[in-house]
Amino acid sequence: MSDVASPPIAAHRSRAVPRLLIGLGVVLTLAFVAMPVAVIFAQALSKGLAVYRANVLAPDTLHAIYLTVVIAVVVVPVNMLFGLAAAWLITRFAFPGRKLLVTLIELPFSISPIVAGVIYLLLYGAQGLLGPFLEAHDIRIMFALPGMMLVTLFVTSPFVARELIPLMQVQGADQEEAAVTLGASGWQTFWRVTLPNIRWALLYGAVLCTARAIGEFGAVSVVSGNVRGETNTLPLHVELLYHDYNAVGAFAAATTLTLIALVTLVLKALLERRLERR
Amino acid sequence: MTAAALRIGLRSRRVLPGFGLTMGTTLTYVALVVLLPLAALLLKSAEIGPDGFLRLVTGERALAAFQVTLTAAAFATAFNAAYGLLMAWVLVRYEFAGKRILDALMDIPFALPTAVAGVALTALYAANGWFGQLFEMAGLKIVYTVTGVALAMAFTSAPFVVRTVQPVLESLQPDIEEASATLGAYPGVIFRRVIYPVIFPAHLTGCALAFARSLGEFGAVIFIAGNLPFKTEIVSLLVFIRLEEYDYAAASAIAVVLLATAFAVLLATNALQALAQRHARKG
């Protein structure tokens, strides 16, 4: 800032105010944001390490972890492909209705997870629009794995596209157009020119998408049917144990999710630094 | 311009391949994953008819749930308006040890699954919890009250205000501030008259996003709320309960209102933002 501060201005800029604000910010953040994370580990370990280990490795908990991973493994690649297609379409071509399409892509972000569950139930459930058809063909989507995957797909669909669109807009199409003009095929251009330019943003979007896919609760709880050891994801299992008055078990299962969240934060910070450097 | 350059210039809009493929993929996906289920909700709630719809969403229990949700979301947003602004300011304007860590901590509420946040907040603020004990001594009960609902909403929506104000504050040019300081304006005056008008649209957007998110929050709230009908029952929980009772008509009617409210908040913000920007340009 200015070096020519005259005495009255220097008086305004005492160091008390910054110190006070920094102190207030740190204390509030530690109490309000960080403390809940600490309490999860404290509660999970409150009966000792052996009990914690037994809880984390309980068969139902392991099955919930397995189911959560299966959902994420299916949902994240699909949404990466969708994000790539949507970003290519929106940033590389001009067409009427482009803005509307962007709004539609981001729509799931403003919809409550419970509402997300409800709309899928009203489509694929027994009383839903497609209910009679599905029943006639003996296809089960609701209260089963396909339904849980579909709502997770819905809830996490904007993540990759939202990271790619602004970046690809800024980068422009010059390099790709040059490659195509010089005779590269569309796929060659994508793999050799586009992908190297956007890989960190793609990975960033995928990380956020994965975190949400693993942690989604409201939408999945509407369509899962909560069958223990069958259609219980890890977040649903936390609720189930908690309502079973097995708080230590619930918090033990929660630590797995918390560790995933903390890894996400570290990855996010690293990727953000990469993106900034570009 | 040579003929070749002209040709390239004319063609450049469609030089790149993949229009058909990406258009087809994107439209199909959006139609199947987003629009079709939303259409199902609208069709199903249209079946109820206007009278039935009104009766379902203005029932005593539904109205109480709306009141609890709106009140708690308003308090949560008011807290985040102040907290978010403070954190954006501190993270952009000051240098101090541990700043990077503090910045990373801001994202915890988005990274932590909502159900995990819910059980953690309940344990922390329960009468025998680390913070709950202190509040109990002050005569304040948090768990199973509207205060608890507001607290959970504030936690899950905390990053919105910080993350929308931060970039605008970063891009602010220091020259006007320096000019007003040189002219003898006090820091408080500079903030109010010079800085805040510029970050106001972003601040408003952050608050609206936080409010919209709070209205729909479910996982974090249901554990701390205690879910007493008419007292601490939120709208999204009422929807869930109606579903469990197989009362799909009531569930979809209330869901439509929840959806419409979220859209209304976002539309209002867009309008206010456009207004604020026009105002700022006029100076």
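Keep in mind that glycine also has a Cβ here, set from the backbone N, Cα and C atoms.
Annotated in TrEMBL:
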type	residues	note
DOMAIN	B:66-269	domain 'ABC transmembrane type-1'
TRANSMEM	B:21-43	transmembrane segment
TRANSMEM	B:63-92	transmembrane segment
TRANSMEM	B:104-127	transmembrane segment
TRANSMEM	B:142-162	transmembrane segment
TRANSMEM	B:194-212	transmembrane segment
TRANSMEM	B:218-241	transmembrane segment
TRANSMEM	B:248-268	transmembrane segment
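Pairs of Cβ atoms less than 8 Å apart link the transmembrane segment (B:248-268) most often to B:218-241, out of B:63-92, B:104-127, B:142-162, B:194-212, B:218-241.
For the transmembrane segment (B:194-212), the residues of the chain that approach it from at least six positions outside its boundaries are 73-74, 76-77, 80-81, 84-85, 88, 157-158, 160-165, 167-169, 172, 176-177, 180, 185, 262, 265-266, 268-269, 272-273, 276-277, 280, judged by C-beta separation under 8 angstroms. Remote same-chain residues near the transmembrane segment (B:63-92) are listed as 99, 102-103, 106, 146-147, 149-151, 153-154, 157-158, 160-162, 165-166, 169-170, 199, 203, 206-207, 210-211, 214-215, 221, 229-238, 254, 257 (criterion: CB distance under 8 Å, separation of at least six residues from the stretch ends).
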